[in-house]
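Asks: Can you read through this structure? Questions will come right after.
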Amino acid sequence: MLSLKSIGASLVGIVVLLLFRLQTTEGSLHEYRGENFVSKGNAFVVHGGSEGIYSSLTNNLIQSHSYSTNTDSFIRFEKILFRRPKEFSNFSSGPIHAIVFDVDDRETIGGSAYGGQRAICCTADLAKLGVCTQGQIIHRPSAKNPGWPKVFSASFSNDEVDVALTSRSIPITKTGMYNVYFIHCEPNLKEVTVEGKTIWKNPTGYLPGRMAPLMNFYGCMSLAFVLLGIFWFSQYARFWREVIPLQNCITLVITLGMLEMAFWYFDYAEFNETGVRPTGTTVWAVTFGTVKRTVSRLVILIVSMGFGVVRPTLGGLTSKVLLLGGTFFLASEVLELVENAGAVSDFSGKARLFFVLPVAILDAFFILWIFTALSKTLNKLQARRLLAKLDIYRKFTNALAVTVILSVGWTCYELYFKSTDVYNERWQNAWIIPAFWQVLSFSLLCIICVLWAPSQNSMRYAYSDDGEELDKDATLTLIKPSPLLPKDVRNQPEVRPTLGNNELSNGADVEDKTE
């Protein structure tokens, strides 16, 4: 347990640092604040962004120095400035290039002589073949998209510290995953930095193509949670005197789900409208979602233990359950902040894999503990012949087993999807992966709501004495007293077994009937 506490303390520190770092995070407005060129092979490169962009809905072309209509797609270069230190400004330089290309045309960038190592900058051997000029980047026209890739350049003059790239907008007439790179081939320019921004727009707004369908999805999920809330809260209001603690926990999960879906929708809507991701809304959406997932797992765990149905308290397990839940919350919060609040491109980095591992381990621990507790609870119910409760727990177990099987299957598919899509060419279908997890968790929540909906017998069902509960086919009957019996005996009930198949209403294991 000490190790879990230390992990939790470390994760708290990471969350605080991430919140501080993400206060100025932006989305489809890709900002460059003194980015340094990195050596890649024989070239020096700055990655300017990668996003899926749908083609324009109209035939209007974007003018080189103006914005488009709302239905046009474009990538706009704005105030791009290359800067070098004063001490390295005593010479004229070769060109620094800005390259825009579709991922389908990636083979048009770079080349190799005689089947050797691929190079981005033209080598002496390639120059001898006459295919390029030494010191320049290698690029060929696309066979699929005429006029692409787009290449623009700027060069330093002698004693010049800053040089600007002409602002321009590039119309997107073909749906694809587009990349922007800044590249130069001169080792003497390794101290150069990039400043400015690029603006990326889809026909329906500034949301990256991978995220665009999620705005409508979260709108639909918000409506689904509203409908579930109407059902649950109407039952809650009708039988509020009979509500048990377990049902209060379910109410909390539904409320958190409503808030999460609403915040995600507003997050994507504002991002789509302005091109700047609203960090505050994103953090709230992430936090409500993380709290909901944590509480959901804790509810499933305590239900599996029989809390509120078989046992009134968790006893000494309460601290362990809360510690596991707190650790899971912190690990999930860090992962979601890294994945969402810092999202600028559609290209997902490998750094997040480091944050996935703790969440996966804690999830596995939850599953193991849940099914172990369920097994003990089912055995207890069967031994005591509490058949009505046993029936509900069997349905719950079946639903949980199906959920776990679907989760494992979808995880395998997700790993396959990401491992076989190195260049994010299937970006148009990537939104389905997070959407599936939301639908799956919502479906399980609906099943729990149906099984444990508030009713007039909730309190009696939950806290009936396990040791005295009768068999399902036994009926508690009050018979008319005989006038020959003493008065104190006449008023006593008699338990009379019946052979009928009397059904118990709403989970009650005994039925009162006066003859």
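Any Cβ shown, glycine's included, is placed from N, Cα and C.
Quick paste of what TrEMBL says about this protein:
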{"type": "SIGNAL", "residues": "1-27", "note": "signal peptide"}
{"type": "DOMAIN", "residues": "213-458", "note": "domain 'GOST seven transmembrane'"}
{"type": "TRANSMEM", "residues": "215-234", "note": "transmembrane segment"}
{"type": "TRANSMEM", "residues": "246-266", "note": "transmembrane segment"}
{"type": "TRANSMEM", "residues": "294-314", "note": "transmembrane segment"}
{"type": "TRANSMEM", "residues": "321-338", "note": "transmembrane segment"}
{"type": "TRANSMEM", "residues": "353-375", "note": "transmembrane segment"}
{"type": "TRANSMEM", "residues": "396-416", "note": "transmembrane segment"}
{"type": "TRANSMEM", "residues": "431-453", "note": "transmembrane segment"}
{"type": "REGION", "residues": "483-515", "note": "region 'Disordered'"}
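Explain the structural surroundings of these features, please.
Replies: Non-local neighbours of the transmembrane segment (215-234) in the same chain are 207, 250-251, 254-255, 257-258, 261-262, 264-265, 268-269, 272, 431, 435, 438-439, 442, 445-446, 449, 453; each lies 6+ residues outside the stretch with a CB under 8 Å from one of its CB atoms.
Long-range Cβ contacts of the transmembrane segment (294-314) within its own chain (Cβ-Cβ under 8 Å, at least 6 residues beyond either end) map to 244-247, 249-250, 252-253, 256, 321, 325, 328-329, 332, 366, 369-371, 373-374, 377, 380-381, 386, 389, 392, 396, 400, 441, 445, 448, 452, 461-463, 466.
Under 8 Å from some Cβ of the transmembrane segment (431-453) lie the Cβ atoms of residues 210-214, 217, 221, 224-225, 228, 231-232, 235, 246-247, 250, 253-254, 257, 293, 296, 299-300, 303, 392, 395-396, 399-400, 403, 406-407, 410, 414, 417, all in the same chain and six or more residues away from its ends.
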Asks: Near the transmembrane segment (246-266), which residues from the same chain, at least 6 beyond its ends, have a CB less than 8 A from one of its CBs?
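Replies: For the transmembrane segment (246-266), the nonlocal Cβ contacts are 214-215, 218-219, 221-222, 225-226, 228-229, 232-233, 236, 281, 284-285, 288-289, 291-292, 295-296, 298-299, 302-303, 307-309, 442, 445, 448-449, 452, 454, 458, 462.
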